[in-house]
Amino acid sequence: MKRLLSGITPSGDGSLHIGNYLGAVKQFTELAKTHECFLMVADLHALTTIQDKALLQKNTETLILYELALLGDLKNITFFRQSDVPMHAELQSILNNVTPLGLLKRAHAYKDKLARDVMEDDVNVGLFSYPMLMAADILLYKPDLVPVGKDQKQHVEITRDIAGRFNKIFSPVFKLPEPYIPEEVAVVLGTDGKRKMSKSLGNIISIFDDEEIIKKQVMGTYTDPQRIHANDPGHIEGNMVFTYLEFFGERGKTDELKKAYTEGKVSDIEVKNYLYDRLMKTFAPARKVYEELKRNPEKVKKILQDGAEKTHTVASQTMKEVRDATGITNQYSFFQYGLSHSPSDVQGLALISIDEFSRVEMRVGKVVEATYPEKSEKLIRLVVDLGDEKRVIFTGVRTLGYTIDDFLDKQFFFVTNLAPRKMMNEESQGMILAVDGADKPLFLSAEGMPLGAKIR
Ligand code: TYM
């Protein structure tokens, strides 16, 4: 399966507009049917413009929820937050050294900034080196393609350039990525009909705002300035309401309205009302999922945790290759990707922080069913009552002399937030805890303790 990577920055207020949707998120959902997708919330990028703790936190949280709500099914999608993967910053710092200044000086974001209000000496270095962080974002995952809007095309080209230089100077570690920019959504124009839809230009139609706000945005959309009365023949070209209807309207109805509009048989208001209704209908499921996710922070955390774990594996592998290729790794290297890192690891035991430990959830459960699965000589299948739910948990202890009677109707401690593991065509949803005994493990009895109670 081919791989893609893309990202959205929680700049502005972290909200998404239909330009982001058509130019980015919709592409992701389509491509996810046939590609392995890595999608990131690029919070480190947002620091170039947002330097306010509360605001950055809020924007990032908002974007995470909005994007997840729009993506829906995460099959084939690894969704993660850039700052959860420190390798991005490390690779950026290494790529600095193979990137000529001139390349970055030609970058649009930097040039636009200078063209506006800022003196060159005042441009923050983060903004200047933004394309390099984006190159790191991309190259870490060796994607085949990078779906973006046209405004990001140059960044992907810079990435190719940087990757080529690195490969030539050291050794061919990186894959040169291809931008993927479908022509019809390369630039979605804003409601002013002139410039790219962008929060900072105030020409957006948002997806998750209150209905009145969206209605106002739709009603303010540029149509045909020459048309004064509803019975004047109107123009379709450059008329943003019809541009958006190409994506959100029903084919037949849109064609009907187009005809009526050019014949002066339908008012602007009617067409705009139709667009508004279609937008509401299109995004109703996502708006509902958003409300659900907002009520379930644990679910969101879990998605991001899974995403971070998966991305760490991929990014560590690339960083290992980068460190090897550049000569950073040598015979005295202490830190090496893929090996354990803390001093006590050297003796074979990892030091972890209390925060890391508290991510392990251990709960009291009662075994209400214990059976020997067919075709296994090792496993016992337990159904465990955790008070609020029942879980299937397999344990491979039969060969150690344990039988179902050792478990049935007894209470033990279980780890309950492990990623499910497929066993005997079923998912094992946890692990029973044991301590080492003289000749076999001994299970930790939790008799008399409340079902579902967590170890603190
Ligand atoms: P950002 O957050 O500005 O925009 C996210 C995506 O939406 C696209 N887009 C549009 N497409 C068409 N018409 C529009 N009016 C429109 N507005 C936004 C953007 O082109 C983009 O694809 N630097 C990136 C985020 C990023 C990234 C990456 C992307 C960080 N690392 C690695 C790809 C790969 C950005 O700020 O996009």
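Cβ atoms are placed via backbone N, Cα and C, with glycine included.
The motif ''KMSKS' region' annotation in TrEMBL falls on one of the ranges 196-200, 291-295, 371-375, namely 196-200. Non-local neighbourhood of Ser11 (ATP binding site): His45, Ala46, Thr49, Ile50, Asn59, Lys199, each in the same chain, at least six residues away, with C-beta under 8 Å from its C-beta.
Among the listed binding-site residues, namely Lys150, Lys199, the Cβ with the most fellow Cβ atoms inside 10 Å is that of Lys199. Mapped onto three states, the DSSP output places Ser11 (ATP binding site) in coil.
The two recorded residues Asp137 (L-tryptophan binding site) and Met197 (ATP binding site) have their Cα atoms spaced 24 Å from each other. In the three-state DSSP reading, Asp137 (L-tryptophan binding site) counts as helix.
Shown in sequence order, Ala42, Asp43, His45, Ala46 are the residues of the chain, 6+ apart in sequence, with a C-beta less than 8 angstroms from the C-beta of Thr9 (ATP binding site). DSSP gives Asn20 (ATP binding site) a helix state.
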